[in-house]
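Novice: I have a structure here, written as structure tokens, and I will follow up with some questions on it.
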Amino acid sequence: MARIRLENITKSFGPHVAVDKLDLDVADGEFFVLLGPTGAGKTTTLRMIAGLEKPTEGVIHINQVNVNDWGPAERDVALVLQQYSLYPRLTVRDNLAFPLRSRIRKLSEADIDKRIDYASKTLRITHLLDRKTDRLSGGEMQRVSIGRAIVREPQVFLMDEPLSALDAKLRESLRSELKDLQMRLGATFIFVTHDQVEAMTMGDRIAVLNKGRIVQVGTPRDVYTNPRDTFVASFVGSPAINLLPGSLAGDVASVAQAFQMPITRSAAVEGPVTFGIRPEDVEVAAGAPNEARIHDVENHGIEKIVTLRVGDNLMRAAVPARVEVKVEEAVRFSWNPDKVMLFDAKTGLNLRGQAA
Amino acid sequence: MAVVSSRGQRIGNLLAIAAVIVVTFIMLAPIYWIVSTSFKPRNLATTNPPTILFEPEVSPFVKLFTKRVQLKPKEVVDYENAPWFERLVFDGGERITRSGKGEIQLSGYPDRFINSLIVAITSTLLAVSMGTITAYGFSRFKVKGEADLLFFVLSTRMLPPIVVAIPMFLMYRAAGLNDSHLGLIILYTAFNVSFAVWLMKGFIDEIPKEYEEAALVDGYTRIQAFFKIVLPEAATGIAATAVFCFITAWNEYAFALIMTNRRAQTAPPFIPSQIGSGLPDWTVIAAGTFLFLLPVAIFTFLLRNHLLRGMSFGAIRK
Ligand SMILES: Nc1ncnc2c1ncn2[C@@H]1O[C@H](COP(=O)(O)OP(=O)(O)OP(=O)(O)O)[C@@H](O)[C@H]1O
Ligand SMILES: [Mg+2]
């Protein structure tokens, strides 16, 4: 069991700074997600924790011990990658046994068998044990990769987009399996993904990274309802948040010179701002104060995502599936004045906390 | 697959097959000539037009391995009690020379052949292992001036080797490496190692470094990871590189001719040296050449599965 703490970690590759003054504190037994777009420095951060890469600056602590000079083997972490982590020449059983046969572990063959047995039952891969790994499907391969991490009973599981090469259905089922597994093992997980749905559904806490820096750390709910800036707001949530320029005078928002709407004020902000409103907080209803035209309709089964056109601006709203809408039809809409987010027009920073 | 093929396609196929047959025939003709000559009686070796149909015999091989002298006129031999292979020699008007104790005296060929094997196998092992380790270093670690160093390594192959023959000869004489196995082994290893580095670098670059990193995280040292993960993955490349190195070392003629004369002489300079003495017996030379071709053919054949994959230089492997 382990607590991981990164203190002021910087990693440069030549002149390029991949990770910039990063501070993280991952609690023991936490499912911690590193979320960010491509090139954000997620993999680099994970590799530094694993000991495969040395930080240019800063200190990594595992259980309060500075492990900067420790090699990967000494850190007792397990790593699961998106691909290429299984040895192609070995059977599934030998892949699972491989970490256990390392000299530093000195396990008896009976113990090895016991652990393989446990892990393969947990992951339902018992029937695959004698197969060569190149005869496995993507989902089976990732199960085996996770199994190879489990058999070691490590302090920390590090996972670098382990599900992103899989198809949607499989990803969904492995997602809940993984979360389930983490709860049973009670181990610390650091899970890298660029998929915000994964982050939201699995994480106890999420760190949102961008360009090598941490933008925000918080629970999924925190990050969703109270994003620190427009980057986090638009990165998290699907369909994406509506960000509209406008200005604020009193408690009246003038949005994109197209419509006006009341908001619930909680900060003394005046003048130009960026308004953020999530599609589920936009309501399409007869008798609502503003008029728009339907620009586009996406059917998502339980709901429809309609894109409204107001003047030159597009705005997405989630409506129940039973509501009948047609493209170019005129409709009326309003928004939930409690849920409107305000961002600084220049810096993009959130100007007020949203009531949860 | 496709059942319907147009007449044009069929004619195209036939033409292609014909072309392949013709090319194969042309390619194999010299090989056939060597092999057939090595089984011919001496008087049929140089007939014009060449004899295609004949009764094969193994006397050229017997002659290849033994020292012989011409029978003097009226010399009486114990034909009845001679072993089968000596009778073949008698039929050719010769007898095998024997030591004082009556042991058959061998020709120079077997020793030269063994020399060739020693030198080629050892230098191949050295070049391939050094090349693999060097390539691994270049592939996996940040090396200052990597591109320049690799270019330098390759540049040793840009000069025709024979250009340095005389300085090499003088240096070898001073170092006492002339006419020694060690001398040739060093020489051939040096020829091949640059090539091995380049070839192996390509193959090792193709092996995802994630495999080794997984092993490192799993509790293995880098050396253990190298032997357990990288080497098996690189087997195809190692096989291809070994075949190339072996062929180069096995066939090398010029330096072997200059640097060796008796003790360490390899087969390539020896085989043509037999032509010089009197009227050459082409069947014996053909037999020597035929046996000389075998090791490369066998080695390549044994590694053929690796080679087919290896020769695509990673183009097919992911
Ligand atoms: N070995 C390296 N040498 C040079 N630059 C590197 C190296 N590894 C990563 N980088 C750079 O560091 C930055 C962060 O890379 P990293 O792989 O950590 O991103 P990531 O968040 O994992 O992205 P992705 O979602 O695409 O995997 C990128 O700009 C990348 O080009
Ligand atoms: Mg990555």
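Note: Cβ is positioned from N, Cα and C throughout, glycine not excepted.
Residues or ranges marked as domain 'ABC transmembrane type-1' in TrEMBL: B:113-303. Under the heading transmembrane segment, TrEMBL lists B:12-35, B:113-137, B:149-170, B:182-204, B:225-250, B:282-303.
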Novice: For the transmembrane segment (B:225-250), which partner among B:12-35, B:113-137, B:149-170, B:282-303 gives the most CB pairs under 8 Å?
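Specialist: Between the stretches B:12-35, B:113-137, B:149-170, B:282-303, B:113-137 has the largest tally.
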Novice: Which stretch from B:12-35, B:113-137, B:149-170, B:282-303 shares the most C-beta pairs under 8 Å with the transmembrane segment (B:182-204)?
Specialist: B:113-137
Novice: Can you tell me which parts of the same chain pack against the transmembrane segment (B:282-303), counting only residues 6+ beyond its ends and a CB-CB cutoff under 8 A?
Specialist: 31, 33-35, 37-42, 45-46, 59-61, 63-64, 109, 113, 116-117, 120, 239-240, 242-243, 246-247, 250-251, 267-268, 270-272, 274-275
